[in-house]
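What TrEMBL annotates here:
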type   : residues  : note
REPEAT : A:87-121  : repeat 'PPR'
REPEAT : A:157-187 : repeat 'PPR'
REPEAT : A:188-222 : repeat 'PPR'
REPEAT : A:289-323 : repeat 'PPR'
REPEAT : A:390-424 : repeat 'PPR'
DOMAIN : A:605-697 : domain 'DYW'
Amino acid sequence: MNVTLSLMPAKTLPKITTISEFPNNPKTLILEQCKTIKDINQIHTHVIKTGLILNPSAVENLLESTALVLRSMDYALAIFNQVQQPQPEAYNILIRGFNLNQNPEKAILLFKQMKENCIEPDKYTFSCILKSCSILHGLQEGKQIQAHTMKSGFGSSGFVQNTLIHMYANCGKIDIARRVFDEMSEREVITWNSMFAGYTTSSCWEEVIKLFQEMLKSDFGFDVVTMISVLTACGRLGNLELGEWLSDYIVENGLTGNLNLITSLIDMYAKCGKIDVARSLFDKLPRRDVVAWSAMISGYSQASRCREALDLFQEMQRENIEPNEITMVSVLSSCAVMGAFEIGKWCHFFVKKKRIKLTVTLGTALMDFYAKCGSVENSLDVFKKMPVKNVLSWTVLIQGLASNGEGRKALEYFSQMRIRNIEPNDVTFIGVLSACSHAGLIDEGREFFVSMNRDYGIDPRIEHYGCMVDIFARGGFIIEAYQFIKNMPMEPNAVIWRTLLASCKVHKNVEMGEESLRQLVKLEPAHSGDYILLSNVYASVGRFEDATKIRSEMRQKGIKKTPGCSSIEIEGGLHEFFAEDSAHPKSVEIYDAVEKMMKRIKSAGYVPNIAEARLDAEEDEKESSISHHSEKLAIAFGLIKTSPGTTIRITKNLRVCSDCHIATKTISKVFNREIVVRDRNRFHHFKDGCCSCNDYW
DNA sequence: GATCGAAGGA
């Protein structure tokens with residue numbers, strides 16, 4: 001047979017001149033040259049015309065190109081259906097193709113069809129079909145296949161057992177996976193790697209390390225895949241020692257050219273707190289894919305170096321690397337922490353524009369971002385649009401509603417969550433309890449606290465006790481809160497006492513305030529905020545002398561206020577200010593803008609009640625001469641007391657609104673709509689007072 | 001042909 005391939009376009013298949021070459025080296029030729037269905041179609045026509053359709057190897061190569069390279073399962077099935085007696089190899093290719101195309105159900109159907117047609121599966125078939133079960137999380141199906149492998153005599157095949165480990169681990173049965181591993185008489189590196197992968201999917205990081213040590217002891221050589229698994233575990237556990245050992249191994253063995261390996265190394269260093277080492281590795285990479293960028297960005301984000309995370313994201317875009325949903329999760333999480341509302345909104349727009357898949361994780365990150373920036377409506381909107389939601393999404397929603405002053409609505413969603421059979425976890429209850437606290441629902445709070453253990457088997461942690469103290473104290477039941485602390489099964493920490501102390505100011509309870517500070521001094525003697533809080537308790541009942549005394553006591557003890565860092569976002573630009581920092585290029589501009597705004601607000605006939613704020617401001621000016629403008633502005637507004645980590649967001653609308661005839665509306669509405677103040681991780685909305693912290697202005 | 005990398009909430 002010596003037929004010229006006249007149907008082949010010369011540019012796609014330049015090397016093929018005669019069909020006689022085709023069966024000899026079909027794989028490389030077809031796999032490498034076929035770029036489109038049209039190419040396949042041409043070869044397919046020839047295979048039929050020339051009778052090669054009867055040649056199993058030619059058909060298999062054609063199927064491989066169609067199902068595995070071009071991933072066109074419809075076309076692959078069409079070819080397959082023309083074959084009169086398909087061999088197991090042909091079935092295997094189709095099964096693999098269905099797995100690759102995330103269609104394991106069809107793979108299983110094909111396997112059944114194979115049995116009906118009395119075609120005996122081989123070890124590869126079992127391996128492929130176990131993978132289908134693994135993707136489907138079909139434990140029962142997997143077990144049936146395992147029984148089948150035993151009967152067919154393939155039970156001891158390495159291929160089968162490796163996938164079996166993977167299948168059991170993916171179905172959450174890590175113990176059975178380990179049993180398969182332990183019972184294997186001969187292990188290969190892949191076997192060990194399958195077990196590492198199993199532990200990785202189950203987040204059993206310690207087990208990865210233990211198994212790796214076993215591997216080293218048994219003098220078994222490891223490979224790049226092993227190192228990637230172990231490095232991931234080192235990152236999760238903060239095991240820098242082993243991580244560095246592997247790092248040295250990689251350098252000594254000249255493996256630094258492997259991008260995947262170095263990406264794991266970057267991730268490990270970042271998670272172990274060596275973010276700058278991670279960065280220098282990242283900078284040295286000759287080529288960076290989206291995973292490498294994402295690893296570095298998430299490294300900064302998790303190290304709370306959010307500014308650098310956002311800067312790197314910008315750089316990534318300049319390099320024209322397309323971010324994926326995972327990149328966006330880290331970027332949005334950084335925006336949430338920084339309160340970078342405009343940047344985060346842009347990210348949301350970007351996600352929609354690029355049709356980046358709204359996964360549960362991405363959706364939840366978006367929700368969290370909106371909630372933390374005070375835009376709970378947008379957070380809810382994202383939640384409603386999410387195709388898949390999990391306990392984390394519901395928790396973020398409840399938490400977001402609660403911290404934005406919508407406690408009752410948060411509890412309604414908690415009921416919804418229960419109706420839909422989503423099992424709440426310990427963190428969900430923190431949201432639920434803080435919702436009760438914000439809504440002033442003391443009895444409900446008490447009931448939820450009991451219920452979390454009684455009905456859900458969740459032991460309350462110190463954070464849950466803290467929420468209860470907050471519920472009692474905020475509701476004005478200071479004594480009950482104190483009794484509750486005294487009856488706690490664990491030692492109260494500073495946060496608990498601080499919660500009580502903060503409420504003492506609102507409810508003007510000097511005695512409990514003093515007791516709280518006594519306890520606080522034992523736990524954290526140098527925490528400046530606690531002294532300020534007690535001083536405010538005194539001031540709240542008019543004992544200004546005592547207030548001053550506390551502050552001078554603080555000075556005598558040499559306790560300094562933490563330098564404040566604030567940020568202002570104006571039209572998408574984020575400006576950070578530290579105490580004593582007057583050098584920010586935008587500071588004068590911002591100050592001027594807000595001055596003007598103040599004038600307009602005043603000329604609209606509104607005089608803010610800033611007496612208390614002014615008192616504090618003068619105190620602070622004397623004590624630590626805080627000079628950064630953002631905090632001054634906040635003080636001027638009477639919105640907040642100076643405290644580190646404050647974000648004041650001045651949106652574009654605020655300026656517009658002072659110009660756009662909104663002056664007829666009450667100024668509190670303008671404030672409510674336009675100004676949101678974030679103090680650390682708590683959001684403050686100002687209606688008549690702040691619904692988060694009971695502060696009135 | 002079986003194994004591997006980055007990810008959200010308090």
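Each Cβ is built from the backbone N, Cα and C atoms, and glycine gets one as well.
Residues 56, 59-60, 63-64, 66-68, 71, 73, 76-77, 80, 128-129, 131-133, 135-136, 138, 141, 148, 152, 154 of the same chain lie 6 or more positions beyond the ends of the repeat 'PPR' (A:87-121) yet place their CB under 8 Å from a CB of it.
Same-chain residues lying 6 or more positions outside the repeat 'PPR' (A:390-424) and placing a CB less than 8 Å from one of its CB atoms are 360, 363-364, 367-368, 370-372, 374, 376, 379-380, 383, 430-432, 434-441, 444, 452, 456, 458, 682-683, 685, 691-692. Note on the repeat 'PPR' (A:289-323): DSSP counts are 26 helix, 0 strand, 9 coil.
Summarising model confidence by region, the repeat 'PPR' (A:390-424) averages a pLDDT of 93.
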